[in-house]
Every structure is written in structure tokens, then in C-alpha cells.
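Engineer: Got a structure for you, questions after.
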Amino acid sequence: MQTITFVQQFASPTLDHFFRLMSDLGSTEAYIIFLLGTYLALDARLGQRLGLFVLFGFYLNFHLKGLIGTERPFLIDPAVARTPEAIPTSGPGFPSGHAQMSLTFWGYAASWLKRPWFWAVAVLLVALISLSRLYLGMHFLVDVVGGLLIGAFYTVVVAFAEPVWASLKGVPRPMRALAGFLIPLFLLLVLPPPGLESSLIMGAMAAFGSAPLLLPYKPPARLGPRLLVAFVGIVFVFAALTASSLLLPEDFKRNPLGGFIRYFAVAYIGLYLTPWLAQRLGIAPRKTRAAH
């Protein structure tokens, strides 16, 4: 708590707004934009890998939180909460998902792109997102440091596992796509992490594990069409999320299998339908073989 009170002695309305913005970069909505944007506009192979690794990282984070079960700072002292997010937030604090997953996403992306300037951006974003969780009173220092260490270890393991990923190219694509769908479903039904968001995580993971194999995709060559495809895909996905939230029965959405189906279908709109439309309209090139 001393670290939080030290950081908050510099608090101001401007810093409140800034660190809420930094914290929002680790939200579900932000990762939808980042992952879809990477897949549709930058590099489909990187987008698929980031999707699988980040989503499985969230799965591990949920399990660790359920296993360790530490309280959040604002539950002990409500005065440290500097964001409305603290009101509906429930669940344990260790490890910080924002810290862990920001390091996983930006760290893996930087290691893939191998650009010094991007490494600098990645380090800065991870630091600011992690600091925001202290400033806003959402996590203790140990939560943030633990999240960063777990994220670093996980990212290193993922990087060293690249040869295993490459060896799977010899397996027929339909079999890999089926495995990419069934493994997340199995984990959800047999080893479910706590929280309703587990259906979102595993449904989206199943889509990232199968859609790129069923419809190989390469972003357009020019910047304008790349941004157009990404924009359309992101709009489609958020529209589908909103429509499904309004139209589907609550029992279906809260059921683990129902939630899995919902988010799997929504993710397919971004990862399959959008690339298919882009290819049919001649905006994106058609690929005959997958490099995923």
C-alpha cells in the first residue's frame, strides 16, 4: 500500500485521465483492436500467433488468480481507488493481468518485428500500463511485478517453442484447424478458469486456432487497403458483439458452452468473413497455401 500512496501523492485530474487511458490499453476492447488490426493489416502470421499466445496467457492468468486469491488494494482501502473501474471489478489481484499480458503482447510483437524503435515503444507501453495499475489503486506492487515476471517467462517460453510451431506445418491444415478448435473447447469444459470471461477467451482462441488455416490470408500490399480491411473487420466484430449481447438470452450467454459459441462466431466474423470479403472484392490477394 505504501507504493500506491507514494505514487498517488502526484495525482491530478490530468494524470487520472492519462493513466485511465493507459489502463484502457490493456482492456478487452483494446486487445480486440490490436489483435484484429495486426492480423488484417500488418501480418497475418504474427496476428495468429499473438492471438493464440495472448489468449492462452489470459487463460493462465485467470487460473493463477483463482489459485492465489489475493485481495485488491481498493477493497482494503477504498480511498486509493482513482477509477470507476474499481466499483464493478471483482476477483483476485495477483498476478496483474494488465502487466502480464501487456508484456506478452508487446514483447512478442517486438521480438517478431525486430525494430529498435518498436522495442522502445513496447518497453514504454508496458511500463506505463503497469504503472497505471498502481496509480489507479487496482493492484499492489507485488501484483504488478509478479505479472511482469510471469509475462516475461511466458514470452520466453513461447519464443523458444517456435521450432515446435514450425514443425506442425507438415500436419494437414484440416487436422490442425480441428485441433485448434477442439483444444480450447476441451480446456474450457474440463479445466475452466474462474469468471465469465473464460468463454470469451477460449471461443476467440478456437477461432484463431482454426480460421487462418481454413482461409489463408495475406494483407493487401498498399497501406490504404490494409487500413480499410482492418477498419471493416473491427467494426464488424464490435457490431456482432453488440448485437449478440442484445439478442441472445442471458442464460445462453452465461452458459460456458453458449458463451464459447457466441465468441467463436464473433471472432470468425473478423478472422474469416472479413478476409473472405476482401479477397472476393479484390482488395486482398488470394492465398493458395497457408504459411501459418
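Heads up, the Cβ atoms here are built off N, Cα and C, so glycines get one too.
All annotation found in TrEMBL is predicted automatically rather than curated by experts.
I grabbed these lines from TrEMBL:
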- 21-40: transmembrane segment (TRANSMEM)
- 46-64: transmembrane segment (TRANSMEM)
- 50-159: domain 'Phosphatidic acid phosphatase type 2/haloperoxidase' (DOMAIN)
- 117-136: transmembrane segment (TRANSMEM)
- 148-168: transmembrane segment (TRANSMEM)
- 175-192: transmembrane segment (TRANSMEM)
- 227-248: transmembrane segment (TRANSMEM)
- 260-278: transmembrane segment (TRANSMEM)
Engineer: For the transmembrane segment (227-248), what are the same-chain contacts with Cβ under 8 Å, counting residues 6+ beyond its ends?
Structural biologist: 29, 32-33, 36-37, 40-41, 219-220, 258, 262, 265-267, 269-270, 273-275, 277-278, 283-284
Engineer: Hey, does the transmembrane segment (260-278) touch the transmembrane segment (46-64), meaning at least 3 C-beta pairs closer than 8 angstroms, sequence gap 6 or more?
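Structural biologist: No, the transmembrane segment (46-64) and the transmembrane segment (260-278) are not in contact.
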Engineer: Could you tell me how many residues in the domain 'Phosphatidic acid phosphatase type 2/haloperoxidase' (50-159) are helical, how many are strand and how many are coil under DSSP?
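Structural biologist: So the domain 'Phosphatidic acid phosphatase type 2/haloperoxidase' (50-159) is made up of 85 helix, 0 strand, 25 coil.
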Engineer: Can you name the far-off residues of the same chain, 6+ from the ends of the transmembrane segment (21-40), with a Cβ under 8 Å from a Cβ of it?
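Structural biologist: Residues 46-48, 50-51, 54, 83, 85, 97-98, 101-102, 105, 109, 125, 128-129, 131-133, 136, 138, 197, 200, 208, 212, 217, 219, 226, 229-230, 233-234, 237-238, 270-271, 274-275, 278.
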Engineer: Can you check how the pLDDT averages out over the domain 'Phosphatidic acid phosphatase type 2/haloperoxidase' (50-159)?
Structural biologist: 91
